[in-house]
Amino acid sequence: MINDKLPKIWYGGDYNPEQWDAPTWAEDERMFKLAGIDVATINVFSWAMLQPDEDTYDFSFLDAQMDRLYKSGTYVCLATSTAAHPAWMARKYPEVTQVDVKGRKRKFGGRHNSNMNSPIYRKFAERLASKLAERYKDHPALVAWHINNEISNYDYSEQSAAAFRVWLKKRYGSLDVVNKVWNTRFWGHTFYDWDEIVLPSELSEEWDGNNTNFQGLSLDFRRFMNDAHLECYLLEYNAIKKHCPNVQITTNLMGFYPGLNYFEWAEHLDVISWDNYPALDTPVSFTAMSHDLMRGLKSGQPFMLMEQTPSQQNWQPYNSLKRPGVMRLWSYQAVAHGADTVLFFQLRRSVGACEKYHGAVIEHVGHEHTRVFRETAELGRELQLLGDELLDARGEAKVGILYDWENRWAVELSSGPSVGLDYVNEIHKYYDALYQENIEADLIGLKEDFSKYKVIIAPVLYMLKPGVKEKIEAFVKAGGTFVTTYFSGIVNENDIVTLGGYPGELRNLLGIWAEEIDSLLPEMSNEIVMEKSWGELNGSYKCNLLCDLIHAEGAEVLARYGSDFYQGMPVLTANSFGEGKAYYVATSPDAAFLRGFLGNLCAEQNILPLVKAPEGIESVQRVKNGVSYLFLLNHTNGELSADIGSTERTDLLTGNKVSGTAAIPAHGVLILSDKK
Amino acid sequence: MINDKLPKIWYGGDYNPEQWDAPTWAEDERMFKLAGIDVATINVFSWAMLQPDEDTYDFSFLDAQMDRLYKSGTYVCLATSTAAHPAWMARKYPEVTQVDVKGRKRKFGGRHNSNMNSPIYRKFAERLASKLAERYKDHPALVAWHINNEISNYDYSEQSAAAFRVWLKKRYGSLDVVNKVWNTRFWGHTFYDWDEIVLPSELSEEWDGNNTNFQGLSLDFRRFMNDAHLECYLLEYNAIKKHCPNVQITTNLMGFYPGLNYFEWAEHLDVISWDNYPALDTPVSFTAMSHDLMRGLKSGQPFMLMEQTPSQQNWQPYNSLKRPGVMRLWSYQAVAHGADTVLFFQLRRSVGACEKYHGAVIEHVGHEHTRVFRETAELGRELQLLGDELLDARGEAKVGILYDWENRWAVELSSGPSVGLDYVNEIHKYYDALYQENIEADLIGLKEDFSKYKVIIAPVLYMLKPGVKEKIEAFVKAGGTFVTTYFSGIVNENDIVTLGGYPGELRNLLGIWAEEIDSLLPEMSNEIVMEKSWGELNGSYKCNLLCDLIHAEGAEVLARYGSDFYQGMPVLTANSFGEGKAYYVATSPDAAFLRGFLGNLCAEQNILPLVKAPEGIESVQRVKNGVSYLFLLNHTNGELSADIGSTERTDLLTGNKVSGTAAIPAHGVLILSDKK
Amino acid sequence: MINDKLPKIWYGGDYNPEQWDAPTWAEDERMFKLAGIDVATINVFSWAMLQPDEDTYDFSFLDAQMDRLYKSGTYVCLATSTAAHPAWMARKYPEVTQVDVKGRKRKFGGRHNSNMNSPIYRKFAERLASKLAERYKDHPALVAWHINNEISNYDYSEQSAAAFRVWLKKRYGSLDVVNKVWNTRFWGHTFYDWDEIVLPSELSEEWDGNNTNFQGLSLDFRRFMNDAHLECYLLEYNAIKKHCPNVQITTNLMGFYPGLNYFEWAEHLDVISWDNYPALDTPVSFTAMSHDLMRGLKSGQPFMLMEQTPSQQNWQPYNSLKRPGVMRLWSYQAVAHGADTVLFFQLRRSVGACEKYHGAVIEHVGHEHTRVFRETAELGRELQLLGDELLDARGEAKVGILYDWENRWAVELSSGPSVGLDYVNEIHKYYDALYQENIEADLIGLKEDFSKYKVIIAPVLYMLKPGVKEKIEAFVKAGGTFVTTYFSGIVNENDIVTLGGYPGELRNLLGIWAEEIDSLLPEMSNEIVMEKSWGELNGSYKCNLLCDLIHAEGAEVLARYGSDFYQGMPVLTANSFGEGKAYYVATSPDAAFLRGFLGNLCAEQNILPLVKAPEGIESVQRVKNGVSYLFLLNHTNGELSADIGSTERTDLLTGNKVSGTAAIPAHGVLILSDKK
């Protein structure tokens, strides 16, 4: 439980009383009550108000808001305001603004705009967090700390360059090692002095986003930026913990945001929180996967849904409304995947600046007689009904999908073999196949305990860091089923190729050799032709993107290419290894193949679908104290039914008893407990 | 009349004798005569020649050209040459070059390249204008002054930043007000010192054109840039007027150019002039609307067509030739809409640099035996025939379409709800419907006298500035018909939302409440279903882009949405208000709906089509001293006929008498006077 | 022969032993032998290793490699390493890094990254070349010198600006001339002091690549950049020649690379070499044309294929494998067109940085049991078999196609008439028509001896430099057939229009006048309607892009436009001039027209196809000492046959005798000698 002051699914969201006046605050209180809102995230962007100049701090406004909210029954998730420095600071200390990837020194403006390697910025940020913690540590309204906000952006200032050199010295000890791991003999880039190393920007080695001349340098720069941001975060974290050790601390993450390695952050967050902003055309299984990734950051620990919109965004190209029922449906989707809070951005729409057309619980009209408010209030009532029943319940997936940010960076920075290769998209293909089969999966990092799983899938495991091979081999040896794909095992943690034949360190485990990698033009495809029927797999399937030309070296060939000059070469292999099996998928298959393939693997491991249900139904399960809560979510416009088996279950929202066929209304939700 | 020295439609255009020699000048004189050319715009880009260094002015060349032209029968529209500073000035005073929106200090190059907030630039520009005025004020060739040229571009230098702070102090008095009207509490952007304010560039709050974090700041920056340019213009204007009070002064505008608020400029121009460069695929009704906007700048006062090409442009992607007859047709289109001059860019093609493939009256071949010259000479003869008959004649439209540059800036800067929303395009949809119905319309600004009109249409009147609501209400109360649309009445002049429900201050007038705004993806649409037949409106029509979810609060519902979750909600309403009616169109309708809808409104107000004519015929009317001149323009390749009614009219170009059905040849023009 | 130490087609390529260790070198030696590799290009990017600081040079590694390679039977093409300066130099002397077209000072990074106008860079580059030459001039392994690498990129530093002013002074003598040839009276850009001239970057006159306000300035800047690069090259060239006069020197060019005028370079290269990297969808006739351009640089002298990939690239969007046989096929295509070497980038794949996924003879797997190695070794054996038979053999084309880099710059910089005009593409249309007809053609420069040819084709000869008109007229007068097109003869070498009617100086020769130029939108087309049948030309053909509206002034009209307002005007004309004929093609025709038209012209000159063959067969011929070597290349997946006539020929690769119908296997090659 995040905080036992509030033993239920928290409900509320971002709230900016500093943009309003007392009569409006009174209306807020009235409407929060109507909507069942019990948590407000405040102080997210108030630095300029709290510290009007270098020497002055003024907490009077915040004091009053904390008290007021507490009195009106609203708890506070208290932010530290460090996501945007004040204008006076940018003017007095230009070093706090960033230099961008184009080499341009920025002026005051925007947010996420601070040079995280500026000592001035660090000093002021830490000091502010410390003062806040000291002042509010015992405030009765306080239920959680929220550091900064959606931490992001890279900096290319000279201060960051200097810090990078220090970071490199610490990591590698000597320039000789740096030259070696970056392979600087290439293009004669040997460094003889640390100060010769410059950051990889458009002025040096990078261009157009993820293009670089030196993958090793660019990878280390990303690691360094991750660490620099994390250092800043920890300055605040430790300052708060010192004063206030018992309230959980978080910072709101952003799902698959590419810039930071959240697995490293997770160790330093008491609880994960994240902001969920699917677009109208985001596949619902992608949202589900994002929740599972956030849940996986701390090995299944429930997380906070820190932000979502009640209605629409403002920053997408076309900001369509969430259709009636969809806000509720997607809120329960979050809960189903492990969220113990349902929080919005934002509780009241602002009147000016760039987020004023972002949806809010309280719209510009200001009263409660809106569709959005009504839906919000209905959900508020339900969450009160649910009480603490679901809190801390966890999933019990037996399938893990490996996801690794450093691997993603390396894949994206790779020059060749195909610009069509999108790591997250390939991960999603496998996730989606399981999702459609109603089989639970976890998104897991490399440090996860593999023994929790029967099947581990690692699409495009391009980079093998030290110890990973051993860990995978141990998993398979002990009886696990492992699946990987083309473009795996190619490089080490510095993007240096493992010689001796692809897939490098995984060759032995997989029993194959990938001699060549063919890149298909977007309009091209090949076929996966099954050697014989296997479960639902039969005949041939489409594949595209990349085709490894592989040779079986001990592995069984389950399917072969259907065309081109490598027609007949293996495309799907299985290799027995110890008690387990390791599969290699040499190309990017279509959805039908993946559903059949993963369905077969799970069936063989006795991993069964949660339900039998038509497309459009999502099934998820959380378990606590031996009781399972089965969520059935209908993502379509019409009523659908699912076969939940013979066990009688109780719908937590209606009290209805259900077994056999369960009908789920359009955009509806069932939460079915098997508690006796 | 612009100048009674030349009581006819002026004919000629831009002319650069400084690029040529004496034998060529002699040829020019011969050919100008052949073509009936009587006005040359000279000295547009001669600063470097007139002022070879800081202390030297040399007018000998210009003296000679003025005399020569006058002697050969050509009058002069005299430009001031300030649209491009000399190279020596950029070198000696780098402050005269601009800093661009990317934060880059520019070097010498291009045109429209001066930092309009540079005191040096201002000093030299004013001085040059003054010297020219003093010298040529009584020159017999002089018929008009032409300041600068196509004034445009924004500057982001430190000098502009300093001037912006002064401008803000003057406008708002205190930083408290600035913080309030920009809503700087958002993202903690509170300013405590004027010097903390920086210009909204890519280094601070803006990116990718019309994207900004702070709409209020970005709006004020545009107002400031408009004013700064206008200040420069006025320095020249006043310097000229001081010496030469009786010759009209203009600067050539650019139709719907987004960067400046021409309604504010119009007050300071003696006569409007503009440059008309339709592309091959520009709808002819868009050109018509542009003329009407230019005419509307000074409430219907005739304007100068300052530039058009006789044949082709050079700067479009594909510079197709104007087909035979089209130059004449489009020249008369300008006259029909209020132009009292027909001027070209350019009289003789240059031999080098980037405009050498721009069409000219005298082509590179140099003689008169070209299609282009022949067509030019034929038109010259006709314009001589027309004499002063049409001069000063005006339109008498009873329909006004509101257009406002500040509203446009606000709509374009808006973050959400849809990138598909293009203000000018929405304006054009309404204009085009009337155009196709052969109903005259004016483009009018907010300061126009509304009582001249029976119907006023204000598409996407997003920003309501002080007094506008009252003015509209008074118009309707007095019996006027008012039409507005979705995304209207939302914000005040600082882009701050008017609380209490959309469309804000217009709610009472319109008798509706817009609860939500849905944004449709480009491939989506909805339907407008009529409650009952109304004139030609019947059944259902397509709509797209944005759909307001409105509630009638007193208004009559004329049509409802045909699909989606808001099927059945009102989409077209009418509200009686005093003696008049206010209509709300909650979405962006198709052309058939708009023609029917506006046709109905006009019919009810007894506003009748000028003629009955098939598509492809444009009809326009100018009136002087009780005589009406009906222009019929055939924009197609084949002969077409129009029904002009029973009144007998005389074709000014042929002397033919016409009544009933009038035949207009392919690409032909009739100018039909009803003078007895 | 490039070097008589190795009297055969050299086989090998780029090799970077500095990235490897001794055991790998031993493997390299073994595998080079297996593959028949006899030449390695080394030291391409070793500057940082050779000169670890300003005062130290260390050749020990290079000494050892030279010796080792020689001992193992591999000759060395020795590079000078100046294509990427060391990091220490960039830090100590920031002037060696470039300023880019966006005005940004670059830091250390990338390659082709040196400011070629930096005296420091020049000093160090020359010194390094000199030391290398002195040291290795007599090394037995040395067979060629390779200066720098793929020289490219423009610099916009102040040093380059200063050098540009010097260059201009030398070229034009006075500012008056500069002002005149750049037509700076346009937009008042007159210069009064040399220092007022700035480089044409995004900060001044250019934007978005090939867009400029002043074509004259931008043209001269390109000439200057060409010369500045060439000066740097010559510093190295002369330094080497001084010590080592008898070994040939080259630098590897890049085919149609737009940035440099290779015809000017060719005079300073002992032998042309180039890097051939067709994409999967590059037409094979485009590759053929590129080879012919490289061959044409030195009037037909055989060249070096310096780089190609054995399998795939890494830097294309989709890096598809070369299908089996294609590497061999394209290698012979190079030989057929004049290559006397077949060299790869690279002999061994690197393990890190951005080219590690570029194909290599030795793949990451490290052994010889790969498809790629097997194909490489097979080709190696064949090249040994061929010995010196083909060396120094030359083509004997009677058709020349004019190609000129300065003309290309002028066409690309032109503002108008159409962005669709791509000079190289228009050249390729004509080349491809001859290619499909199996007629040999040379790509030739303006300085070529025209009398070698019966037909000269000059598509889009927009710029006529001094003497060119006279040279063309002399060619035709003497009986030659000359073909040119729309947009020819328009300007002089400074992009100043030749007045008096297009096509300017060519009017008399062509007997026509082009009154106007119409630009067609991409979806538009017109027709070429033949006046009467002519050979295979009959009826009508499509055309598009640009349409000159021409008048015959003595020329015979062979075809007329089929539509639009210029229907019936001439589109194809022929003018007798002296003993020859000059043709004008007034638009861009389709392929069928061009095959018929050029086929007719060749037939009339008794220029016969090499063979009769279906599409997919390429035929090329080299001749030495009266013996002709006919290459037949099958670019398709299936066997095809060609009719080679009755002469019996011997296939050099098989010894088979062939006459009449010759079958060429899928992706196969015949080299048929007519030696008795």
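For all residues, glycine too, the Cβ spot is worked out from N, Cα and C.
A TrEMBL annotation is a machine prediction, not a hand-curated record.
Pulled from TrEMBL:
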type: ACT_SITE; residues: C:E150; note: active site, proton donor
type: ACT_SITE; residues: C:E307; note: active site, nucleophile
type: BINDING; residues: C:R111, C:N149, C:W315; note: substrate binding site
type: DOMAIN; residues: C:14-384; note: domain 'Glycoside hydrolase family 42 N-terminal'
type: DOMAIN; residues: C:397-607; note: domain 'Beta-galactosidase trimerisation'
type: DOMAIN; residues: C:619-673; note: domain 'Beta-galactosidase C-terminal'
Fewest other Cβ within 10 angstroms of its own Cβ, chosen from the recorded positions C:E307, C:W315: C:W315
Site diameter for substrate, Å, by largest Cα distance between C:R111, C:N149, C:W315: 17
Secondary structure at C:E307 (active site, nucleophile), reduced by DSSP to three states: strand
Secondary structure content, the domain 'Beta-galactosidase C-terminal' (C:619-673) (per DSSP, counts of residues): 0 helix, 32 strand, 23 coil
Members of the recorded positions set C:R111, C:N149, C:E150, C:E307, C:W315 whose C-beta sits under 8 angstroms from chain A: C:R111, C:W315
Surrounding CB atoms that lie within 10 Å of the CB of C:R111 (substrate binding site), all protein chains: 20
Proximal but sequence-remote residues of the same chain as the residue listed as 'active site, proton donor' (Cβ under 8 Å, at least 6 apart): C:A83, C:H112, C:N252, C:L253, C:M254, C:D275
Whole-number Å value for how far C:E307 (active site, nucleophile) lies from C:W315 (substrate binding site) (Cα to Cα): 15
Cβ-Cβ neighbours of C:N149 (substrate binding site) (radius 10 Å): 24
Euclidean distance between Cα atoms of C:E307 (active site, nucleophile) and C:R111 (substrate binding site), Å: 17
Per-residue pLDDT averaged over the domain 'Beta-galactosidase trimerisation' (C:397-607), given as an integer: 98
